[in-house]
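Participant: This is the structure I have questions about; it appears just below.
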Amino acid sequence: MKNLILNQIYSTKKNVVTSILLILFFNICQLISILNDGKLDKLEVRPLDFFIKIYGGVHSKFFIFQYIQWIVVICTLLLIIENIINSYKGLDLMIINRSGFRLKWWSSKIISLFLLNIIYIIAIIVIYKILSIIFLCPSNYKIWSTYSKIYYIDLYNSTINPDKVLFMCLCIMLTGFIAISTFFQTINEITNNNIKIFIVFIIIMVINGILHMNNLIPRVLSPLNYPSILDITPNVGNYIKCIILNIVLIIFNTMVGSIFIIKKDIL
């Protein structure tokens, strides 16, 4: 099992490096944007404002540019895990054809996805911290900034401290990213890694995100919103419900994939 996991992680090293560079470039672009906004509106910009602008997700109302930015974040994640969810090449192809190893192989996939998502979150935090220390003033996580008052009015008017929002945001991001990762891993396994079906599901995911922001479908049907916090009414209870929903989805995706693998063994 350990060797399987290490092989899975090792196979993503090029994608991880590429994704980290993309994250850095994207963060720098967003930093320039938020500093310009703050300068034009004469607002104090704090590190938390910078973090929420990039990783807060999408507002409940549809804004095309914000939606595209969020899709970039999700696509960066998919780039990291691409080698993991692609189950029908190299060593994976050899193992999946040996029935006795399939369930162990599936478990190694899921564990690898967990680890890669943690690495992704750590990379996000490190880059965010470095850029914040260099370009932004020290943040007081006990009070909201004037930038938040204008751009994140719901958060500003809530009773939640900024430090709690940051913590909840990280929890929702991590569980949401893992939910998306296990979802695509399961879909790829069931469809035998059919690239056309994979693309169709990505298109459906984008469309469902728009439908959810227009209150036409529930959050559970919109994977793009799993890691998002800005579309949630600011309340600790609501945040915890979303975290629980993400965990349930992770378990569901993992169980469906396991059942499919076991069925393959029986057949």
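Every residue, even glycine, has its Cβ placed from backbone N, Cα and C.
Okay, these came from TrEMBL:
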TRANSMEM  16-35  transmembrane segment
TRANSMEM  67-89  transmembrane segment
TRANSMEM  110-136  transmembrane segment
TRANSMEM  165-185  transmembrane segment
TRANSMEM  197-218  transmembrane segment
TRANSMEM  238-262  transmembrane segment
Participant: When you scan the chain for residues with a C-beta under 8 Å from the transmembrane segment (238-262), skipping those not six or more beyond its ends, what do you find?
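Facilitator: Answer is 102-103, 105-106, 110, 168, 171-172, 175-176, 178-179, 182-183, 185-186, 189-190, 219-220, 226-227, 229, 232.
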Participant: Sort out the residues at least 6 away from either end of the transmembrane segment (165-185), same chain, that have Cβ-Cβ distances under 8 Å to it, and list them.
Facilitator: 48, 51-52, 55-56, 74, 77-78, 81, 84-85, 87, 109-110, 113-114, 116-118, 120-121, 124-125, 141, 155, 198, 201, 223-229, 232, 234, 236, 239, 242-243, 246-247, 249-250, 253-254, 257
